[in-house]
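J.: According to Swiss-Prot, the protein has these features:
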COMPBIAS  63-79  compositional bias 'Basic and acidic residues'
DISULFID  CYS93-CYS108  disulfide bond
DISULFID  CYS100-CYS114  disulfide bond
DISULFID  CYS107-CYS125  disulfide bond
DISULFID  CYS111-CYS132  disulfide bond
DISULFID  CYS116-CYS123  disulfide bond
DOMAIN    93-132  domain 'Agouti'
CARBOHYD  ASN39  N-linked glycosylation site
REGION    61-87  region 'Disordered'
SIGNAL    1-22  signal peptide
Amino acid sequence: MDVTRLLLATLLVFLCFFTAYSHPPPEEKLRDDRSLRSNSSVNLLDFPSVSIVALNKNSKQISRKEAEKKRSSKKEASMKKVARPRTPLSAPCVATRDSCKPPAPACCDPCASCQCRFFRSACSCRVLSLNC
C-alpha cells in the first residue's frame, strides 16, 4: 500500500515537472531569423519617433528663471496661509500627545482627536490632518 502511494506521488511530481518545462516562454519560441526580423520591424513601427532638439544657452537661462519664479511663488503661497483664530481653551481639556482615556475630557486642540490603541489601554490626543 505504501509502495503504491510512493509510486503515484513520484509519478505526479514527474508529470508536474514535465508539463511545466515542456512549454517554453513565448519569446523563446521564435528562433528563426525571418521571424526575428519581422518581429523586430513590427516592434520598431509600434513606437513613435523621437526628435532630438539642441538647446541654446538662452533657452536654458529662461527655463531656469521660470523654475525660480515657480519656486518663489510656491513659497509665497505657502507663507500666505492665514492662521485662523484659535478658540479659547476651556479649563478641563487634554493637551496634544497627552493621555486621554475615555473618562478624561476632550482634547484642547480643535483639530486633534483621541486615538486609542491596544484595546483602549493607551490613548492620546493626536492631530490627524495638517490642513485643519
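Residue numbers in this text run from 1 along the chain shown.
Placed from the backbone N, Cα and C atoms, the Cβ positions cover glycine too.
Show me how these features fit into the structure around them.
T.: Listed in sequence order, the residues of the same chain lying 6 or more apart from CYS93 (disulfide bond) and placing their CB within less than 8 Å of its CB are PRO105, ALA106, CYS107, CYS108.
DSSP gives CYS114 (disulfide bond) a strand state. Every protein chain considered, the tally of other Cβ atoms within 10 Å of the Cβ of CYS114 (disulfide bond) stands at 18.
In the three-state DSSP scheme, CYS107 (disulfide bond) falls into the strand class.
Around the Cβ of CYS111 (disulfide bond), 13 further Cβ atoms fall within 10 Å across all displayed protein chains.
Around CYS116 (disulfide bond), the same-chain residues at least 6 positions away in sequence with a Cβ under 8 Å from its Cβ are LYS101, PRO102, ALA122, CYS123.
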J.: Identify, among the disulfide-bonded residues CYS100, CYS107, CYS108, CYS125, the residue whose Cβ has the fewest other Cβ atoms within 10 Å in this structure.
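T.: Each of the disulfide-bonded residues CYS100, CYS107, CYS108, CYS125 was scored; lowest Cβ tally within 10 Å is CYS108.
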J.: Please classify the secondary structure at CYS123 (disulfide bond) using three-state DSSP.
T.: strand
J.: For CYS123, CYS132, listed as disulfide-bonded residues, tell me which one has the smallest number of other Cβ atoms within 10 Å.
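T.: Among the disulfide-bonded residues CYS123, CYS132, the lowest count of other Cβ atoms within 10 Å belongs to CYS132.
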